[in-house]
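Worksheet: one structure, shown below.
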C-alpha cells in the first residue's frame with residue numbers, strides 16, 4: 001500500500017480533501033479502537049474513500065488530523081492573556097465549525113459543566129455524583145465490551161487449539177493402527 005508513495009513528495013491538501021478528511025474521521029470514529037495498528041488500517045480506509053490512497057500515507061493523514069485537532073483546541077480554548085498575533089481564532093479558522101461538529105461533544109474536548117440548579121441551602125443529590133456515576137457506568141460497560149471481545153477471541157483460539165489437538169490425536173491413532181496392522185501382517189507371514 002505505502003510502497004508506491006514517494007516520501008520526498010509533500011502532498012498539498014486541498015480544501016475539499018481536508019473537509020472530507022474531517023467528516024470521514026468523525027463518521028468512522030469506531031475504527032480507531034486503540035488496538036495496535038488499527039489506526040493505520042482506519043486511516044487507510046479513510047484515504048481510500050477520499051481517493052488519496054496512493055498520494056498520502058496513513059501516517060501523513062494522522063499527522064494532518066493531529067495538527068487540525070491542535071489548532072481546533074487552541075481556537076476553542078485560547079490561552080489567557082494571549083494576544084491574537086496572527087493565530088487563527090474560532091471566527092477566522094475555516095475548519096472550526098466542521099471540527100466542532102466532530103469533536104465538540106467529546107468529553108475530552110468539552111468537559112461537562114456543572115451548575116447548581118437548587119438553592120445551596122437545600123440538601124439533595126449532587127449532579128456531580130450522578131454524572132460521575134454515569135461516566136463510571138459507561139466506562140464499565142466499555143471495559144466489559146472489550147473484555148467480552150477478548151474472551152471471544154480467546155474462546156476462538158481455544159477452540160482452534162482443541163480442534164488441532166483432536167486432529168493430531170486422530171492422526172496418531174491412524175498411524176498406530178497402520179503400524180499394528182503392518183506388524184501383525186509381518187508376523188503372520190513369518191509363521192504361516
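Just so you know, glycine gets a Cβ as well, placed from its N, Cα and C.
Summarised as a single figure, the pLDDT of the domain 'Myb/SANT-like DNA-binding' (11-101) averages 86. The domain 'Myb/SANT-like DNA-binding' annotation in TrEMBL covers 11-101.
What TrEMBL records for 133-155 is region 'Disordered'.
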Sort the residues of the region 'Disordered' (133-155) into helix, strand and coil with DSSP and give the three counts. 23 helix, 0 strand, 0 coil
Secondary structure composition of the domain 'Myb/SANT-like DNA-binding' (11-101) [DSSP: H/G/I, E/B, coil]: 54 helix, 0 strand, 37 coil
